[in-house]
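Trainee: Per TrEMBL, the features are:
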{"type": "BINDING", "residues": "B:80-85, B:114-118, B:138-139, B:Lys151, B:Lys160, B:178-181", "note": "NAD(+) binding site"}
{"type": "BINDING", "residues": "B:Glu193, B:His256, B:His273", "note": "Zn(2+) binding site"}
{"type": "DOMAIN", "residues": "B:76-188", "note": "domain '3-dehydroquinate synthase N-terminal'"}
{"type": "DOMAIN", "residues": "B:190-337", "note": "domain '3-dehydroquinate synthase C-terminal'"}
There are 2 protein chains.
Amino acid sequence: MDLRALAACQHQVDIDLGERSYPIVIGSGLLGDPAVYAGLPKARAALIVTNTTVEPLYAARLQAALAPHYPQVHLVALPDGEAHKDWQTLNQIFDTLLGQGCDRKTVLFALGGGVVGDMTGFAAACYMRGVPFVQVPTTLLSQVDSSVGGKTAINHPLGKNMIGAFYQPQLVVCDIDTLTTLPARELAAGLAEVIKYGPIADMEFLGWLEDNLDALLAGDKAALAHAVKRSVEIKAWVVSQDEREGGLRAVLNFGHTFGHAMEAGMGYGVWLHGEGVAAGMVMAARLSRRLGLVDEEFVQRLIRLIDRAGLPTRGAIIASRDNAGHYLQHMRVDKKAEGGEIRFVLIAEPGKAVVRSAPDSLVREIIDVCCR
Amino acid sequence: MDLRALAACQHQVDIDLGERSYPIVIGSGLLGDPAVYAGLPKARAALIVTNTTVEPLYAARLQAALAPHYPQVHLVALPDGEAHKDWQTLNQIFDTLLGQGCDRKTVLFALGGGVVGDMTGFAAACYMRGVPFVQVPTTLLSQVDSSVGGKTAINHPLGKNMIGAFYQPQLVVCDIDTLTTLPARELAAGLAEVIKYGPIADMEFLGWLEDNLDALLAGDKAALAHAVKRSVEIKAWVVSQDEREGGLRAVLNFGHTFGHAMEAGMGYGVWLHGEGVAAGMVMAARLSRRLGLVDEEFVQRLIRLIDRAGLPTRGAIIASRDNAGHYLQHMRVDKKAEGGEIRFVLIAEPGKAVVRSAPDSLVREIIDVCCR
């Protein structure tokens with residue numbers, strides 16, 4: 001084994017939230033290593049929550065790694081996909097916990113992507129009013145975004161992530177190896193959230209992404225580990241400033257206001273979350289441009305990178321009549337909206353985001369231009 | 001108006017939980033007084049959550065008192081009773097919030113008993129990951145117990161209060177006048193939780209209850225206000241020491257381990273919560289006696305007071321065969337159980353509680369003696 005190569009893809013990032021602080025470990029071969037889980041709270045039982053796609057790939061390996069630490073390691077495999085991020089599926093976790101007589105020291109492990117992580121985290125927040133949990137994200141999107149920061153939720157028919165909690169994990173284990181089994185479409189969708197960190201916080205990182213995009217798409221582990229590490233560092237810094245999304249944290253939603261409207265408008269699961277975010281970033285960048293905040297070269301640079309990643313650069317058409325009106329309607333029920341006023345995350349200057357409102361007429365214009 | 005009499009039934013108790021501190025106001029005529037709600041967070045909308053029994057009695061009055069503070073005051077009336085403390089009913093609150101386009105500054109008001117309070121609090125904890133809420137308890141039980149301390153939850157078919165959150169209200173408004181419309185059975189059930197505070201914390205208060213029980217049962221407002229105030233003071237002290245039930249707080253569950261088993265065993269709603277607690281206190285007192293912690297005179301004194309209040313002093317029979325076995329089975333899935341070991345709240349000496357386990361054989365004996 002080349003130890004230098006190994007060292008190059010082993011990282012640790014600490015999320016500083018006082019007594020709710022926790023480490024994120026990033027690297028190769030972590031998921032199946034019992035030593036990774038040695039410092040967790042002791043309990044009689046652990047429950048691995050995964051989905052039917054991830055289970056055959058990694059569940060047995062995680063189960064074996066947890067066996068030295070917990071007398072009982074239970075497992076529940078949920079149906080796969082955003083369409084199942086609902087109460088009914090969440091309840092499968094509670095049914096398993098109660099059916100197995102799990103007490104309130106039980107540790108939950110979320111093994112899978114963002115949907116599994118969000119649901120497991122919310123189940124952990126609610127089960128007996130709170131049990132410890134660990135994120136073991138197996139998709140790029142969940143490694144760089146959803147598994148960090150403690151946002152957990154399920155969807156409601158009238159809105160995405162409407163029912164949830166701020167609840168921090170004990171540990172996040174980002175095993176880069178799991179990204180090699182990821183379908184190309186999902187890897188690309190994850191890159192949308194990676195790309196996001198450039199415009200909002202670090203244009204040097206955007207340059208690095210432009211230089212290393214081919215390596216990332218080819219599954220180069222050192223490149224992936226660096227991309228995950230830098231994304232997580234930026235997110236960790238933002239979250240530690242604003243755990244409960246009072247202000248600053250909203251910048252992490254660059255591209256999400258438009259993206260959520262597309263996801264809700266088409267029905268959850270038609271586009272991947274990252275695909276909505278990708279097209280949403282283009283729309284938010286165009287709105288920033290229209291407001292005179294950035295120049296056309298910045299918009300084009302972002303579009304080129306998103307396009308190279310194989311992601312949509314045009315918004316989805318969610319209604320055959322009055323498409324823009326439908327977007328606005330969805331965006332008004334977004335959690336970020338206040339008093340019916342939509343709050344957009346815009347680029348104030350390359351590398352810096354700002355949250356502000358915009359006139360409906362302008363937003364309609366952008367939607368009409370971007371959704372063709 | 002007799003101002004001395006008024007002063008005698010106006011109290012304020014502060015719950016000290018750092019940045020989550022809040023006041024409990026106790027008195028006559030509070031519910032409909034706009035001044036009571038003046039200090040709450042500003043918002044475009046408020047939502048009153050109540051049930052179909054309480055709505056015709058108090059909803060219009062609360063709505064009028066909130067109108068000066070919130071441009072929109074929405075209302076949702078849930079079906080009444082513990083049997084409806086489930087996800088389906090909780091979802092009616094989310095449906096209303098999302099259907100009305102309520103944003104994450106919306107303030108929720110729980111107008112009703114413990115079930116309404118628990119569900120509204122849990123909905124507030126989860127809606128958009130947390131919105132402010134206010135408790136306006138209209139039953140004795142909820143005024144002295146469930147509305148104070150931030151425990152919120154719904155039931156699961158396999159256990160009571162299994163899904164919930166610790167989430168503190170902004171304010172608790174205990175309007176003593178609402179107790180005058182309470183059915184006698186519910187007033188008595190509330191007294192079970194009032195009586196509880198004697199054995200676990202304050203034998204002087206138990207003496208006061210013995211002297212004033214007739215006044216309380218007759219609906220004397222000054223007596224009720226004092227009983228609520230003293231109960232809330234004791235609970236506030238315990239909760240401020242142990243917000244998330246790490247240890248001390250468990251003493252508040254005196255009578256509840258047996259009580260929950262009865263409620264679950266018979267099906268929620270057959271007995272009122274306070275009725276289960278009453279019989280459960282007798283069983284826990286007998287277990288304390290059997291372990292040599294208290295004398296028979298203490299047990300008899302407690303039984304006499306519970307009996308005078310019109311509450312059950314015998315445990316319910318929840319299974320025609322192996323009744324004790326069924327109790328044990330229910331108690332093992334209780335949240336307080338750890339690693340399958342049941343934790344009983346016992347009386348170490350009159351006025352002082354202790355949490356400990358007991359041999360199954362002894363517990364079976366107590367159940368057999370108490371459930372005849």
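The backbone N, Cα and C atoms fix where each Cβ goes, and this holds for glycine too.
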Trainee: Mind giving me a neighbour count for B:Thr178 (NAD(+) binding site)? Other Cβ atoms within 10 Å of its Cβ, every protein chain shown.
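Mentor: Within a 10 Å radius of the Cβ of B:Thr178 (NAD(+) binding site) lie 25 other Cβ atoms.
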Trainee: Looking only at the domain '3-dehydroquinate synthase N-terminal' (B:76-188), how are its residues distributed among DSSP helix, strand and coil?
Mentor: 47 helix, 34 strand, 32 coil
Trainee: In the domain '3-dehydroquinate synthase C-terminal' (B:190-337), how many residues does DSSP put in helix, strand and coil?
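Mentor: Looking at the domain '3-dehydroquinate synthase C-terminal' (B:190-337) with DSSP, the answer is 106 helix, 0 strand, 42 coil.
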Trainee: Under 8 Å Cβ-Cβ from B:His256 (Zn(2+) binding site), six or more apart in the same chain: what's there?
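Mentor: Sequence-distant Cβ neighbours: B:Gly276, B:Val277, B:Gly280, B:Val345.
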Trainee: Hey, for the Zn(2+) site built from B:Glu193, B:His256, B:His273, who else sits with CB inside 8 A of the CB center?
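Mentor: Everything else in range on the chain: B:Leu141, B:Asp145, B:Ala192, B:Lys196, B:Gly255, B:Gly259, B:Gly274, B:Gly276, B:Val277, B:Gly280.
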Trainee: Express the predicted model's confidence over the domain '3-dehydroquinate synthase N-terminal' (B:76-188) as a mean pLDDT, rounded to an integer.
Mentor: 94
Trainee: I need the nearest neighbour of B:His273 (Zn(2+) binding site) among the binding-site residues B:Asp80, B:Ala83, B:Gly114, B:Thr181, using C-alpha distances.
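Mentor: Closest by Cα: B:Gly114.
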Trainee: Taking just the CA atoms, what is the gap between B:Thr178 (NAD(+) binding site) and B:Glu193 (Zn(2+) binding site) in Å?
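Mentor: It is 18 Å, counting Cα to Cα.
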Trainee: To see if you understand the setup: which same-chain residues, six or more apart in sequence, place their Cβ under 8 Å from that of B:Thr181 (NAD(+) binding site)?
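Mentor: Within the chain, B:Thr181 (NAD(+) binding site) has Cβ neighbours under 8 Å at B:Leu57, B:Thr138.
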Trainee: In angstrom units, rounded to an integer, how far apart are the Cα atoms of B:Gly117 (NAD(+) binding site) and B:Glu193 (Zn(2+) binding site)?
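Mentor: With distance taken Cα to Cα, B:Glu193 (Zn(2+) binding site) is 16 Å from B:Gly117 (NAD(+) binding site).
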Trainee: What's the CA to CA span in angstrom from B:Gly114 (NAD(+) binding site) over to B:Glu193 (Zn(2+) binding site)?
Mentor: 12
Trainee: Please list, in sequence order, the residues in the chain of B:Ala83 (NAD(+) binding site) that are at least six apart in sequence and whose C-beta is under 8 Å away from its C-beta.
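Mentor: In sequence order, B:Gly267, B:Tyr268, B:Gly269 meet the Cβ cut-off.
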Trainee: Restricting to the chain of B:Thr139 (NAD(+) binding site) and a gap of 6 or more, list residues whose Cβ falls under 8 Å of its Cβ, or answer none.
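Mentor: Listed in sequence order: B:Gly112, B:Gly113, B:Gly114, B:Thr178, B:Leu179, B:Leu182, B:Glu186, B:Gly190.
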Trainee: So if I measure Cβ to Cβ from B:Glu193 (Zn(2+) binding site) and keep only same-chain residues at least 6 apart in sequence, which ones fall under 8 Å?
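Mentor: Non-local contacts for B:Glu193 (Zn(2+) binding site): B:Leu140, B:Leu141, B:Val144, B:Asp145, B:Ser231, B:Gly274, B:Val277.
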